[in-house]
Each structure stands twice: as structure tokens, then as C-alpha cells.
């Protein structure tokens, strides 16, 4: 058995280990019983709404997957079409599994908070997040290794494997856009009518949109985020393997083996790190989660050093891996600087809210723009270091390094919406106030980890898209026997740059408009219920929660189609015209997409935590004050920024890159 075959078997084995670890955490969650009927009723309603959304979304996506697979089979190859279908199915399974456990963990976290305080509640919420994290990387590693093994056995080209990444990317985009529209339509509707107009607290059971709001936390922040990082994870490995086979070396085997082994040991590191996240007295929750992430990173660096030595590769490759990993941690740190409660940036938003909503919005936008500086410098330094030490392959392996700890990052990130849901369930079930106080502490940490997760997703998207772009260039070079030169003085390249730069803004406009349209429907429905059922406010009548869930589901699925199709159609049209123009388009979209994504994510995070800071008594103000009402408006503007448009841009730049890579054989025929 040769080295590469051994590595693929290792990948399959580690993937299975990761899935078994996810199963262990799922059983930990299920160990806690929901013994309060009201909690069980609300948990079941949230689960039913979340799974109904996924079922409706997948019905639409099945048609899309079949159409694209047939086109790939006709114009590229049948194996590419098969890999595309497998990528789509695997991404859907990962999202479905994460959603199922998250909608079990939420009610159990509320019960744990009531019976065991912060320590037990953290245990349940984090276990729910760990299931998502370890499922994402376990499925990714298992399926990718299996496909590579089968392709070697039957003699299929590695280029066909890129279809797997395209399938994962396609599902990820629709999951992010659809989930993002759903969650923010419900959130904006619940906030504007409930908090601002009716003056009732967040998650109050009298608010008709409150169940839809809690369903949205799962479809957007669990399934959507998991699909996003799943796509980055497999995309970075595929890009690196593609580049490895195109390297001018006698034996590409160690270069192909490196990303698989590094990712496999990253999974082991993540599993070990998840075991360290526990607290006996409920103190220092944020510190425990941060420590777990750092442990995963340190273990991965140590393992990577051994792997590079074992494979006999140049140490420059190791330095590129470290550059990627460190860049991920530094970007996460700077995200916290601009979005954490108590930090200067968030204080600026809270202060600005004192003079009204307009000044709060202006300050948030300024913070978002300012927050792009440090992450972009970090990404630029990581790119330069990795290129100097390993060439284009170095940039790709840096992306693999950054994403090696995805299991732990997703676990920490997915814990947030579980904790948020637990607070909502506690409020709606009218559990004792101290239960809500406990879940609020977890949720406050969850907001910070979610912001950090978004920063990580953006940074990893930048490196993954760049590595896919490099693979695209090398693939064109190989098929045309001449170097593809992306010269900025070439009119075709300039045209592509402008179109790519514009796509970011068009895509953001479409997703923001979609949230606005869906939110208007939600606001009108909530107002109608308050108007026609006056007994809701004095609790003598029950709101129609199901109607609000139906509105969010229908609107989000209808509005997600155009942005999703746009991301695939535009690179195809430009690529058929000119491979140089397509190169320019990918470069233009990469630059503007990363900048816009960071700005939107951090502005939204600052508005969100600025509002929460006021709710905690900032400068003597509290819920219902003029300062708080202004901050709620800012947070409402920030909701589609940080949870719909911003995160969707990550996938836009990656999907266009991998579509371009997969379709290179078609494009060169038209040159």
C-alpha cells in the first residue's frame, strides 16, 4: 500500500472517529430530560419549525442539484457530476444533523440552567455545539478521503473531485442566504413591533413572532454557519490537492498527503480541545472557550511540524501553515476588539445611542469600516509569508492550516444560538428569573463567540477563495499550454475586476432587500394579531405562532433563489467570454467581498452588543429607555448586516471561484 492510499485510509478513520465523538456529545445532550411540559411544548414548536424549513428548502435544492448535475455530466464529465451530487448531499446532511441536535439542546440547556446553574447549562449548550462542529469536519474528511480513494482505484482524474467542493458550496450559499433571510425577517419583526411599539421584553410569549425568531437562530446560525465552514474546510483541501498535482515536481505524493494529514490531525486536536471546555462553578465561561480554541491551534501546529518532517517537505510549508493558523487567531482577536461588550468600539455605539437612532447607526457604520483595517493587514501578511515560503501551494496550505481547527471553531460558534434559544425558552416558559439570568450570561458569551466565528469564517474564506483562484489559474495554464496572465492593463481583465467588485454590492443589495421584504410581511402580521386579538397583551388569548413561522419560511425560500443563481450564472457567462476576464472578476469579488463582509459583520456585532450593554444598565439606562430604543433600531439595521448579507459574501467569493475551477475545461474550448 503506497503512502497516498495510507493517508486516505487515515482520513476515513479520523472522519469516523469524529462522527463517533459527535455521537457521544449528542448522547450527553439527550441524557438531560425535559421535565417541564411548557418547556417541552415550546422546544417541540421550535424544532418543528426548523425542520419544516429545512424540508422545504431541500425540496427546492433537489431540483437545483439535479439540473446542475445534468449540465456538469454533459459539459464536463459524469464523475464531476457525481462528485457534485455527493458534495451537495454531504453538506445537507451536516446541516440537518446539526439542526436536529441544536433543537434538542436548547430546551435542555434551559432545564440545566434551572437545576444546575451556569456550569451544567454550559455543559449542555457546548455539547450541542460540539455535535455540529465534529459532524462538519468528520463528514468532510470521511467523504473527501473516500472519494479520493475511489478516484485513485478506478482511475478518475483529481479534477473531477473539485465537483464535490462545488456541490458543498452551492448548498452552503442557499443555506446561508435562505437561513439568513429567515432569521432576520423574524428577528426584525419581533423587535420592531414587540420591543419598540408594544414595549414588551425580548422572547415574551405574547409576541407572535417569538417562535419564528428562535427557529431563525437555528436555521441561520447553526445550519447556515455549519454549511459555510464545511464548504471552506473541503474547499481549502481540494484547492491544495489540485495545486499539488500541478506542481513541477517529480513526485507530488507528499504535497497531496500534507493537507489531508494536517486536517486529520486538526480533527483529533479539536476533539481533545472540546474535552477541556468545562467549569465546576460556572466562572470564566469565555476564558474556557477561548482556551479550548487555543489548545486546538497549538496541538495542530505541533502535529503539522511532525507531518512536514515525516513527509520530507521543505520547512517553508510549515511556516505557511503556522501563518494561516496564527492569522485565524489574530483575526478572531481583532473581531473581539470591535464587537465585545465593554470594549471602546461598543461603548461608542452605546454612547451614540444616547442622542438617538441616527447617531447610533452612523457610529456603527464607522466602526464597521474601521474594523476592516487590521484583519486585511493580517490576511495580507499571511498571504505574503505563505507565498514567500511555499509559493501558490503555500497560500493554499495556509488556508488548510487556518481551517484545521474548524471542528472546535464551529463547536464554540454553534454553542451561541443554543444558549440564545435556551434564554428564549426560559422566558416563554415563564421559568424563574434567575434561569433567564443564567442563560443571558451564556448568551452574552455566545454573542462574542459568534462574532469571532464570523471573523474566522471571513478570514478563512479569503484564503480559501485565493487558493481556489490560484488553482483556477494553474488549471488554465495546464489545459492551454501557456501562462494565464492577469494583467491589470488588459481591458478584459479590468472589465472583469469591475464586474467582480460590483457583484459584491449587487449581492448585498439583493439579500438586504430580501430581508426588508420578508420583515415587512412579518411586521404587518404581528401588528394584525395585536390588533385583532387584544387579549394577547393580557394573556387571555394565545398568539398564532405558526402563521409567523410560515411567513418566514415562504419569504426566505422565495427570496433566496435569485442571489443563489446569480453566483453561478455570472462566472459561467464571463468565463465563456474570456478566461482572463473571469480571473479579473474573481480578484475583484475577492477584494470587495472580504472588505464588505468584515464591515457588515463587525458593524452588526457592535450594534448588537451596544444594545445589550444598555440593557445591562449602561450609564444608568435600561430596557425601555430612550437610549435603549435608539440602540434597538441600530441593532435592527445590523441584523441583516451581520447575519444575512455579510456571512453570505463569504460563500459568494468561494462559490464563484470553485465554479470557475470546475468549468475550466469548458471555458478553454471557447478561447
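Cβ atoms are placed via backbone N, Cα and C, with glycine included.
With a cut-off of 8 Å between Cβ atoms, the residues of this chain six or more beyond the transmembrane segment (3-23) that come close are 97, 130-131, 133-135, 137-146, 148-149, 152, 253-254, 256-257, 260-261, 263-265, 267-268, 270-271, 274, 407. Feature annotation from Swiss-Prot assigns transmembrane segment to 3-23 (among others).
Swiss-Prot lists 81-101 (among others) with the feature transmembrane segment. Sequence-distant contacts of the transmembrane segment (81-101), counting only residues of its own chain at least 6 positions beyond either end whose CB sits under 8 Å from a CB of the stretch, comprise 22, 25-26, 29, 47, 50-51, 54, 58, 61, 65, 68-70, 72-73, 128, 131-132, 135-136, 139-140, 143, 147, 160-172, 175, 218-219, 222-224, 226-227, 230-231, 234, 414, 662.
Per Swiss-Prot, transmembrane segment is recorded for 130-150 (among others).
Residues annotated as transmembrane segment in Swiss-Prot, with sequence analysis given as evidence: 154-174 (among others). Beyond the ends of the transmembrane segment (154-174), by six or more residues, the same chain brings 57, 60-61, 64-65, 68, 72, 76-77, 79-92, 95, 140, 143-144, 147-148, 227-228, 230-231, 234-235, 238-239, 241-242, 245, 468, 475, 560, 563-564, 567-568, 648, 651-652, 654-655, 658-659, 661-662, 665 to within a C-beta distance below 8 angstroms of the stretch.
Per Swiss-Prot, site 'Important for ion transport' is recorded for 176 (among others). Contacts of residue 176 (site 'Important for ion transport') defined by a Cβ separation under 8 A and a same-chain sequence distance of 6+ are given as 220, 224, 225, 227, 228, 647, 648, 650, 651, in order along the sequence.
All protein chains shown were included, and the count of other CB atoms within 10 Å of the CB of residue 642 (substrate binding site) stands at 27. The feature substrate binding site is assigned by Swiss-Prot to 184, 642.
Here Swiss-Prot flags 187, 191 as Mg(2+) 1 binding site, drawing on similarity to another entry. Neighbour density for residue 191 (Mg(2+) 1 binding site): within 10 A of its CB lie 23 other CB atoms from the protein chains shown. DSSP assigns residue 191 (Mg(2+) 1 binding site) to a helix.
The feature Mg(2+) 2 binding site is assigned by Swiss-Prot to 214, 217, 420. A sphere of 10 angstroms centred on the C-beta of residue 214 (Mg(2+) 2 binding site) encloses 33 other C-beta atoms.
Mapped onto three states, the DSSP output places residue 221 (site 'Important for ion transport') in helix. Per Swiss-Prot, site 'Important for ion transport' is recorded for 221 (among others).
Annotation source Swiss-Prot lists site 'Important for ion transport' at 228 (among others). Every protein chain considered, the tally of other Cβ atoms within 10 Å of the Cβ of residue 228 (site 'Important for ion transport') stands at 31.
As annotated by Swiss-Prot, transmembrane segment applies to 229-249 (among others), with the evidence given as sequence analysis.
Per Swiss-Prot, the feature transmembrane segment maps to 255-275 (among others). Beyond its flanks by at least six residues, the transmembrane segment (255-275) meets 3-4, 7-8, 10-11, 14-15, 17-18, 21, 25, 126, 130, 133-134, 137-138, 141, 144-145, 148, 233, 236-237, 240-241, 244-245, 247, 249, 292-293, 295-297, 299-300, 303-304, 307-308, 311, 313, 317, 321, 393, 396-397, 400-401, 403-408, 411 of its own chain at Cβ-Cβ distances under 8 Å.
Sequence annotations record features per position, and here Swiss-Prot assigns transmembrane segment to 295-315 (among others).
The transmembrane segment annotation in Swiss-Prot covers 392-412 (among others), and the record cites sequence analysis as its basis.
According to Swiss-Prot, the feature site 'Determinant of potassium dependence' maps to 450. Other Cβ atoms within 10 Å of the Cβ of residue 450 (site 'Determinant of potassium dependence') number 28 in total over all chains.
Taken from Swiss-Prot, the feature transmembrane segment covers 493-513 (among others), and the record attributes it to sequence analysis. Here the transmembrane segment (493-513) has long-range neighbours at 177, 180-181, 486-487, 562-563, 566-567, 570, 574, 578, 580-593, 596, 600, 640, 644-645, 648-649, 652, 656, meaning same-chain residues at least 6 beyond its ends whose C-beta is under 8 angstroms from one of its own.
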Run the contact check on the transmembrane segment (651-671) against the transmembrane segment (229-249): 3 or more C-beta pairs under 8 Å, excluding pairs closer than 6 in sequence.
yes
For residue 217 (Mg(2+) 2 binding site), which of the listed binding-site residues (184, 187, 642) have their CA atom within 10 A of its CA?
184, 187
Need this for a regression test: recorded positions 221, 608, 639, 642, filtered to those with Cα within 10 Å of residue 187 (Mg(2+) 1 binding site). What's left?
639
In the same chain, which residue numbers or ranges, 6 or more beyond the ends of the transmembrane segment (130-150), come under 8 angstroms Cβ to Cβ?
5, 8-12, 14-19, 21-22, 25-26, 29, 83, 86-87, 90, 93-94, 97-98, 101-102, 105, 156, 158, 161, 164, 168, 222, 226, 229-230, 233-234, 237-238, 241, 260, 263-264, 266-267, 270-271, 274, 406-414
For Mg(2+) 2, what surrounds 214, 217, 420 with a Cβ no more than 8 Å from their Cβ centroid?
46, 106, 213, 215, 216, 218, 221, 417, 421, 423, 424
Among the recorded stretches 295-315, 392-412, 559-579, which has the greatest number of Cβ pairs closer than 8 Å to the transmembrane segment (229-249)?
392-412
What whole-number Å value do you get for the CA-CA distance of residue 635 (Ca(2+) binding site) and residue 184 (substrate binding site)?
11
Are there any residues in the same chain, six or more apart in sequence, whose C-beta is under 8 angstroms from the C-beta of residue 184 (substrate binding site), and if so which?
216, 220, 515, 518, 519, 639, 640, 643, 644
